[in-house]
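Positions annotated as repeat 'WD' by TrEMBL: 184-216, 374-403, 430-471, 516-549. Residues annotated as region 'Disordered' in TrEMBL: 232-264, 900-935. The feature compositional bias 'Basic and acidic residues' is assigned by TrEMBL to 249-264. Here TrEMBL flags 789-892 as domain 'Small-subunit processome Utp12'. The annotation compositional bias 'Acidic residues' is assigned in TrEMBL to 907-935.
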Amino acid sequence: MKFAYRFSNLLGAVYRQGNLNFSRDGNVVISPVGNRISVFDLKNNTSETLPFSTTKNITCVGLSPDGSLAIVVDEDGAAVLVSLITRAILHHFHFHKPVSSIRFSPDGRKFIVTKENVALMYHAPGKKREFNAFVLDKSYYGPYDETTCIDWTDDSKCFVVGSKDMSTWVFGAERWANLIYYSLGGHKDIIVGCFFEKDSLDLYTVSQDGTLCVWESDTELDGLILKKSQDKPKLPRQGEEEEEEESEERDKVEGEEGEVIRGKVETAKEREKKKNVRYKMMSKHFFNKEGDFNNLTAAAYHKPNHILVTGFASGIFHLHELPEFNLIHSLSISDQRIASVAINSSGDWIGFGCSRMGQLLVWEWQSESYVFKQQGHFNNMASLAYSPDGQYIVTGGDDSKVKQGWETPGLKGRCPAVWNTNTGLCFVTFTEHTSSVTNVTFTSSGFVIVSASLDGTVRAFDLHRYRNFRTFTSPRPAQFSSLAVDASGELVSAGAQDSFEIFLWSMQTGRLLEVLAGHEGPVSCLCFSPVQSVLASCSWDRTVRLWDMLDSWQTKETLPLTSDGLAVTYRPDGQELAVATLNGEISFWNPHTATQNGSIAGRHDLQTGRKETDKITAKQSAKGKSFTSLCYSADGESVLAGGQAKFVCIYNIKEQMLIKKFEISCNLSFDAMEEFLDRRKMTEFGSLALVDEGAGDGDGVSISLPGVRRGDMSSRHFKPEIRVSSLRFSPTGRSWAATTTEGLLVYSLDGSLVFDPYDLDLDVTPASIRKQLRLQEWASAIVLAFRLNEKALKQEVLEKVPHEQISVVCGSLPDIYVEKLLGFIATCLEKSGHLQFYMTWAQNLLMLHGQKLKNRSGAILPTLQALQKSIQRHFDDLSKLCDFNMYNIRYAVALSKQRGLKRAAEEETEDQEEEDEELSEEMSEASLEDAEMML
């Protein structure tokens, strides 16, 4: 149970390539990210990555009309049938060629796949269990070049296919007598989109040069006539031969207005009904009239609202109403090419994907506002750090981003980012750095982020006001490659990779306190002790130095290493130090006595792959690999290690042995993934990987420079090498994260698939536990439930305990079950709606057993941090709700006051009118009396 971690989410990347899809209700976006699928819930503002992956990057995704199935196809044409309900793979299939597009029919009975110049129609997998889920129905040939797009009619009778040969082909899904195929021209560039009008055969076609053609059909969908199947000739019986000869002679009679068709006379009216479907171009429109826009790259059409959305290479999109081609509005959402466009079922939200910058945007066109706006690191991630409560993750990358959330589209600045582990979304990005961010960390308060960069600055960011409030610099320009902040959050240290010095600043004043010199090589890693003011620095000079911050910053101890030091980290209790070296070893030291406790030789556990251009085997290549990142688990009993390979290893420190290996990726689109040489890629002139497909003139052979990991950036095509740059365990101990070439991978503890009883006995059964509940022996039932250790049963027992009995039960629990119950409450509190109930349990446990828990604070620290994380999450949600309600109440009170004042004013005017009327009546009576007197 302890190491039953499984992949739970992919952060740091929201879109790579391929087509976007909306769910059936229109509230969820399904986005391909590398070789995985991410699902973004726009209503609840959460993200989830499906627990499967393909062997290469995904190029297209097809969704069934009911939203229960998805067909995912990668670059090589390998397809996976996935259930979006159970998140399980149902079937594997290979199309043997790259697939350009895939589309289900509206009735869900068939789907079309286009590869090269062929359109293949398959029977869609049904609800029944089948031996072969993909059964080929028909193959349609017509285009001379690769196909690009598909669309169906609303009744699934016909479909249209666009091609790179500038033609559009309309095919019948059934054997129609008056429509076998129809080819449409009129364009001078590649067809990007082709769309049927609602309940009609009328067509719209859009090409890459920004041309829209409107086609009108002379036949309605109801006018399609099913071709009669030719019956096989049957052998006549002896008694029926003469009758058949007489009937044939009668049927062969030809009239002036009819002709013989299979033994039946067809009139001229019937021939008119079977007249072939014809198309006529009604109009032609151009997007690039003023020449302001580049090539049209993506298009989508919403049939009920008659809205056409087109995206361009310049990052601009247009909304037009068809068939009049009225421009609704246009907007620039990015400065990069829009690769995919999708519209949800209601037509209100439009999804855009920009592959080069990794942007995913959802735009509400009626209110002209963003519904969703995310961008991942468009280059490699370099580092990450968890917040003290485990609720947030901050990342820094080679694109100079420090991310923590929302990011402006088209942003090119250098910045860190912060991600919410509950929602999986980024909510703030800091843009002050001008070069690669090499390291990031949180302070102990959790409200300050510190980042180091190659631009020569260390910056501190405030998470309350989202601003850069401190900038630390060195007297001479230096490139900072390592960073550490002490437990108090007052001292900030950074190591330089060019001057071999360590710089120390004060967070309070921002002043440089000291420059620590002594290392004879670049400082690769820094780490403060969690319990003392001691700084550990690891360097390429084969030493680890311990600096005392209280004793004039002097070197306290110097630990000799067998090879260049790459990473150093303290155990959570500060009583042990782990160091990773260049020879692939992990050594453990006692920082107080400066003695080595043990070491692990982990070079053989890395199992690096073979690069495509390597001349040596993977086994020989692994000899030069090593761990570059280390991290202790929350309880300090194991260590997590990763480096220049696709594996992350967990070692038990006491036994000094490998416990488990995690394969972070199986994506063959990355380099150094294959273990053996692929002979199919070898020719007499060398490897095919050396040939650049995008090269024009010349040989096109690109040989990378020695030591270059990411390929030649000037070449048109390169494969990034798979590696792990940073690892961190969550303070709660229930998850860990790794920054890799693929993105930010989060692995969580999976308790649902593992049966891990504690102190199991014959009398510990669900029946005996429920018997104790009936007898109202609450404490006994809880102890038995935790001995069996089934989550559903534990939750059932806890929720049956009466509220007034909670304090009594907490006081009578054995000490060993108090910690287990507290950890379970922290887990339940995160997702349960019984907030007060579980808070009462936590309060009573902490009040009654507080002193005993305090004595074991080091062991239960992850449990307390998990509890704090759950409480903080509910506090944030409730505070937002209360603030919203408070504003609504204030508005209602102000509105009632305004109405009261208005009503009072109206009453005053009425009283004034009544007084005026009475006065006028009195004056009229007085005037009448005066007149009578005068008379």
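Even glycines carry a Cβ here, placed using N, Cα and C.
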Point to revise | Candidate ranges 184-216, 374-403, 516-549 - greatest C-beta contact count to the repeat 'WD' (430-471) (under 8 angstroms) | key: 374-403
Practice item. Could you tell me what the rest of the chain brings near the repeat 'WD' (374-403), counting residues at least six beyond its ends with Cβ under 8 Å? Key: 11-15, 40, 356-361, 409, 411, 413-422, 425-426, 428-431, 433-442, 444-446, 449, 451, 453, 455, 459, 461, 710, 720, 725-726, 728-732, 734-735, 737-741, 743-744, 746, 865-866, 868-869, 872-873
Exercise for review: Could you pull out which residues elsewhere in the chain have a CB under 8 Å from any CB of the repeat 'WD' (184-216), counting only those six or more residues past its ends?
Suggested key: 148-155, 158, 160-164, 166-170, 277, 279-288, 293, 295-301, 303-304, 306, 308, 310, 312, 320, 322-323, 325
Exercise for review: Count the residues of the repeat 'WD' (184-216) that DSSP assigns to helix (H, G, I), to strand (E, B) and to coil, and report the three numbers in that order.
Suggested key: 0 helix, 18 strand, 15 coil
Review point. Which residue counts does DSSP yield for the repeat 'WD' (430-471) in the helix, strand and coil classes, in that order?
Key: 0 helix, 26 strand, 16 coil
Exercise for review: Count the residues of the domain 'Small-subunit processome Utp12' (789-892) that DSSP assigns to helix (H, G, I), to strand (E, B) and to coil, and report the three numbers in that order.
Suggested key: 93 helix, 0 strand, 11 coil
Review point. Where DSSP helix means H, G or I and strand means E or B, what are the helix, strand and coil counts for the repeat 'WD' (374-403)?
Key: 0 helix, 16 strand, 14 coil
